Amino acid sequence: MKNPIKWAIIAVLLSTVVAKKIVGEGMADVSAIKHPEEVHPTNRDFLRSLIFSISMIFGCEIGDKTFIVAALLAFENSRLTVFAGSYSALFIMTLLGVLLGHAAPLLFPRKLTDILGGVLFVIFGIKMLMEAKEVMDSKESMSDEFQNVRNEIAANGPIDQLLEEGAAPSHYTGHRSRSGHTLMSQLKSKGRNVMATLFSPLFIKAFALTFVSEWGDRSQIATIAMAASDNVYGVFMGANVGHACCTALAVISGKYISTKIKVHKVMFIGGILFIAFGLVYFYQGFF
């Protein structure tokens, strides 16, 4: 889905929530008091929601731009710092998506949110299948995707210079106080080094690149749809577990995976998963 359409979907959802707050308490709130189980589908199977969201994230993120960004940044830099920066951005995006999806049943009937979720998943699934066919016909490999993302990053400045900025500030490295032999001073020194590493320019760069890449992405919109129709706690936990696994996979073995994975196969599997999820939500909405 093109970026303007993605932004439009998110804008509509956000504006609806804001309008709800401005107008005040409406019929949806009355319904929530009388029939709370029909508004927030938290009584739905937690395990199913967990599995659905993990599968959705894997289908979206393996080989996606955020995956490639993490892999590229981790090639010659601290994997821990890259993981922390990338995952922090994904965690925040997941939280925003889940909160927005959780608000949807207060604005629309539950069956309608199920049907709308089904429509989104089917559309995304069909689009992924079409993209998979295009990639297969063009014989584009994962290595080509890596190069494309590398070029995008390099467009903002030389890639080597951008990555070198992630070095921890020198004044933190090797710092020891006069009482450095005491346990407390050693703990303080290690704490400063850890903070300098985690919140270094590399951390900020990984966070920013991931946040920008993920905003309005297919996985974020899918998370909103799932949170609106399924157990919100299961979706939140599953999405974060999926993001953690995919990001860890990217920073640990992204370069190796790029030579083994076929882009069109990943997109094909993701498309099938999305269509299957859509059918499940259609069933919930109509029956």
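Using N, Cα and C of the backbone, Cβ positions are placed for all residues, glycine too.
As the structure is a computational prediction, the values presented were derived from the model and not from experiment.
Listed in Swiss-Prot:
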TRANSMEM  7-27  transmembrane segment
TRANSMEM  50-70  transmembrane segment
TRANSMEM  89-109  transmembrane segment
TRANSMEM  112-132  transmembrane segment
TRANSMEM  194-214  transmembrane segment
TRANSMEM  232-252  transmembrane segment
TRANSMEM  267-287  transmembrane segment
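In terms of C-beta pairs under 8 Å, the stretch of 50-70, 89-109, 112-132 lying closest in packing to the transmembrane segment (232-252) is 50-70. Sequence-distant contacts of the transmembrane segment (50-70) (same chain, six or more residues past either end, CB-CB distance under 8 Å): 82-83, 86, 90, 142, 145-146, 149, 153, 206, 209-210, 213-214, 217-219, 222-223, 226, 230-231, 234-239, 241-243, 245-247, 249-251, 254, 258, 261, 263, 266-267, 269-270, 273-274, 277, 280.
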